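Features as listed in Swiss-Prot:
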BINDING   CYS9, CYS23, CYS26, CYS32  [4Fe-4S] cluster 1 binding site
BINDING   GLY63, LYS64, GLY65, GLY66, VAL67, GLY68, LYS69, SER70  ATP binding site
BINDING   CYS240, CYS243  [4Fe-4S] cluster 2 binding site
Amino acid sequence: MQAPPPEHCPGVESEQAGKGSACAGCPNQGVCSDPNKKLEDPGKALVVESMKDVSNKLLILSGKGGVGKSTVTSLLTRYLARSNPDSNFGVLDIDICGPSQPRLMGALGESVHQSGYGWSPVGIEDNVCLMSIGFLLDSVDDAIIWRGPKKNGMIRQFLSEVDWGNLDLLLLDTPPGTSDEHLSVVSYLKDDTNPESLRAVMVTTPQEVSLLDVRKEINFCKKQNIPIVGVIENMSSFRCGHCGNSSEIFPAKTGGAAAMCAEMGIPLLGSLPLDQQISKACDSGEDLTEFKNVTTEALEGICSKIMASFS
């Protein structure tokens, strides 16, 4: 990069590099549009410096919206923090247009503060911190109507201007699909000297309509050379609180996550049921991982596999 990027720069990794409307008049336009010249985004060095004390990063992905990815992110974080009290965990909500983590983590109404090292993330527990664009809005009902370049710029700020401190694991709650946000965060966090430090977990429900998009997400990770820890099947069954019988609310017509994992050679980390207690806790921001139930039993196995993948 020969000159500072314009405000709405699509990024050198984007297919729109040198072609977008923001590129008109930029001194770098000719360089960015040349496929034979590999460029390094100047923001990458800032991210590397800011994240130097973050040991591992875990992308929580799903191709389909509404499969409970944000809920799973909060549950994993809570359980990991409770079962590993000597480790530090962070959550970065990069679903810019639909931030859910402030509510799920019981931090609605909190705000971030500026320190000498950048934005200070919101403390959730002694060993858990959270950053989300939700903390920067005047109202929880405010709509964020941004194009890709502006969202990418916000993600770059979250990675380079937040004082994360020493973290053993940073979990990133991502939007559905394989959009600009995914390309940006991967380009900033991939470390060729330590490729195992960035990994991914897929979240799906048993229906084929969800599995179809998760397959695309898996192929995205393979193309980007991101190791996949495994797949979590969410909402796999519902256990009645009165009779104790289990029902499949979303039947696995094509074999569910287990069949897909076998087909694509990806580990199945476990399955999480539909749980009324968890549903209520998500709305109130409570932490229910301290209680023993079918969900926390499943989380125990899933979280142990995740931690083992980074050891």
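Quick reminder: no glycine exception, Cβ is built from N, Cα and C everywhere.
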Discussion item. I want to check the contact list for LYS69 (ATP binding site): same chain, sequence separation of six or more, C-beta distance under 8 angstroms. What comes out?
Written reply: ILE60, LEU61, SER62, ASP173, THR174, PRO176, VAL203, ASN234
Fill in: For GLY68 (ATP binding site), the one of CYS9, CYS23, CYS26, CYS32, CYS240 that lies nearest, given that the binding-site residues are compared by Cα
CYS240
Item to complete: Compute the C-alpha separation of CYS243 ([4Fe-4S] cluster 2 binding site) from CYS32 ([4Fe-4S] cluster 1 binding site), stating it in Å without decimals.
Response: 63
Worksheet entry | Among CYS9, CYS23, CYS26, CYS32, CYS240, which are recorded as binding-site residues, the nearest neighbour of GLY66 (ATP binding site) by Cα | CYS240
Worksheet item: What is the interatomic distance between the Cα atoms of SER70 (ATP binding site) and CYS240 ([4Fe-4S] cluster 2 binding site), given in whole Å?
Response: 24
Practice prompt. Using the recorded ATP site (GLY63, LYS64, GLY65, GLY66, VAL67, GLY68, LYS69, SER70) as reference, state which further residues of the same chain have their Cβ within 8 Å of the centre of those residues' Cβ atoms, listed in sequence order.
Written response: SER62, PRO176, VAL203, THR205, SER210
Worksheet item: Given the binding-site residues CYS23, CYS26, CYS240, CYS243, which one's Cβ is surrounded by the fewest other Cβ atoms within 10 Å?
Response: CYS243
